Amino acid sequence: MLGKVETIVFLSLVLDLFAFTIPLPLFPRIVDWYRTREASDPNGFLSRTLWSVQALRSFLYTAPEGRENARWDVVLLGGLMGSLFSTLQFLVSPRIGALSDKYGRKNILLLTMVGNLLSAIVWIQSTTFASFLLARAIGGLSEGNVQLAIAILSDVTTPEARSKALSLVGIAFSICFCIGPPIGAWFALQPASNLSFAKGFELNIYAWPAILTLILLSAETVFLAVALPETRGKSAAAFKQAEKTNGHASGNGHANGNGHTNGHANGKAVATKRPAAERLATLKSLKIIHFFFLALFSGVEFTITFLTYDLFDWSNVQNGRLIGFMGIISALLQGGYVRRAIPKVGEGVMARRGVQACTMALLLLAALPRLLQTSFATKFLYAAAASLAFTSATVVNSLNAYASVQCDEGVDTETGKPIAEDPRLAKGRAMGEYRSWGQLGRAIGPILACASYWTFGPSFTYATTACATTLLVMHMKSIAGKAQKS
């Protein structure tokens, strides 16, 4: 049963994240498309938005002679688009988690899928910038797959197996970053006018990628409805017993590799863990690290395609190749290194190594504008991308695994209900709040990075961010030590 749940969660994540990564390389060009379409309407939503962006830029920054300000405005507007999705995730993640504690993981996951499907439908028909933002907003309010996947895997795994199980989330991300952006870029080359069923209707210029997204999300919804069992209130021991009953497992009991053990007394599961107050304090520290890391990393992650657009004038296909390259490296690291190394070094140490790699990538990107006229420019870009891939493979999953251990619950084997020492440690709620801090970082990061990008330029932006990640690495030293002993 345990292996079955892990497989179901992994496959659903691949479908979900495949759909999520399809539009990533399209943002710079899609903003240009809307700008061209709506330029003649000075009172339109996009015109007013760009006017506000231009006014703010003019107040803060005067571009050098010959600099095309319009490209820099697209960068900032892209940052605002990225921020919208994450801001809404920050608001709804704790609520999604709490609802899954009350009504079940599967029920709430299927409910969020309805919103995801609606978001894709709106995107297909979004011929105005306002309607495209509406699609993004619906998606931001609805996306719950990753959060609930973490809760489900935490439900059915023991603490010592948690990191290995949650690495499936990272592997799914990596695989989809390999295939999603390049396929999205290829489908973006197909004219929407080729869609025979849409004759007489005007569609988004990227209707083909949007339709592919809708198909993937529909398949995911059906798959989850049919295959996923409910895991709320089920202990890892219960799933292992089901495996043994089905002839898929043998052996009795399990030990927590972090020094905690679970036993049975009077028919009830008894968890011997650190006091709830201590675990809440640790969880608070992890929330802060999660926030600052994703605020810094998401700014780099979001601006890199705008950097290639601004410096190299790369196409959707070229951006897709770059993101796909990052996905391949990340997938290889997840499967070949991270899953094996985490049990030896600990989640905190692995996360710290990932932030160190991010610092290296930032320094390479900071040097890139000075190398444009050399043959090394593209090599530097891909070296930075490889370092960012290592960061993607390590940091978030390691922090997720360590955070999930803090909110483990015992389960009453007679009633099947969770036994929580503190309501704030209920798994869905606690992980939802933890994830919301990361989403707040993702909301702020792209705006700050893009604002700095067109105010001070890419070299200053990436060098300053490298200084910030260095400070974060220093702060994480004590957290890494705790992670190994928890």
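First residue shown is number 1, and so on along the chain.
Using N, Cα and C of the backbone, Cβ positions are placed for all residues, glycine too.
Summarising the annotation, TrEMBL assigns compositional bias 'Low complexity' to 247-268.
TrEMBL lists 9-482 with the feature domain 'Major facilitator superfamily (MFS) profile'.
The region 'Disordered' feature in TrEMBL is assigned to 245-268.
Feature annotation from TrEMBL assigns transmembrane segment to 7-27 (among others). Long-range contacts of the transmembrane segment (7-27) within the same chain: residues 78, 81-82, 116, 120, 123, 143, 145-146, 149, 152-153, 168-169, 171-173, 175-177, 179-181, 183-185, 187-188, 206, 209-210, 212-213, 216-217, 219-220, 223-224, 227-228, 305-306, 316-317, 319-320, 323, 327, each at least 6 residues beyond the stretch ends and with a Cβ under 8 Å from a Cβ of the stretch.
Summarising the annotation, TrEMBL assigns transmembrane segment to 74-96 (among others).
Annotated transmembrane segment per TrEMBL: 108-126 (among others), in sequence order.
Remote same-chain residues near the transmembrane segment (165-187) are listed as 6, 9-10, 13-14, 17-26, 146, 149-150, 153-154, 156-157, 206, 208-209, 212, 315-317, 319-321, 323-324, 326-328, 330-335, 338-339, 342, 389, 392-393, 396-397, 400-401, 404 (criterion: CB distance under 8 Å, separation of at least six residues from the stretch ends). Taken from TrEMBL, the feature transmembrane segment applies to 165-187 (among others).
If you look up TrEMBL, you'll see 207-228 (among others) marked as transmembrane segment. With a cut-off of 8 Å between Cβ atoms, the residues of this chain six or more beyond the transmembrane segment (207-228) that come close are 5, 8-9, 11-12, 15-16, 18-19, 22-23, 26, 106, 109-110, 113-114, 116-117, 120-121, 123-124, 145, 152, 183-184, 187-188, 190, 192, 194-195, 198.
The transmembrane segment annotation in TrEMBL covers 288-309 (among others).
Summarising the annotation, TrEMBL assigns transmembrane segment to 321-338 (among others).
Summarising the annotation, TrEMBL assigns transmembrane segment to 380-399 (among others). Here the transmembrane segment (380-399) has Cβ contacts under 8 Å with residues 163, 166-167, 169-170, 173-174, 177, 286, 289-290, 293-294, 297, 300-301, 304, 308, 322, 325-331, 333-334, 337-338, 342, 347-348, 350-351, 353-355, 357-358, 360-362, 364-365, 367-368, 371, 438 of the same chain, all six or more residues outside its ends.
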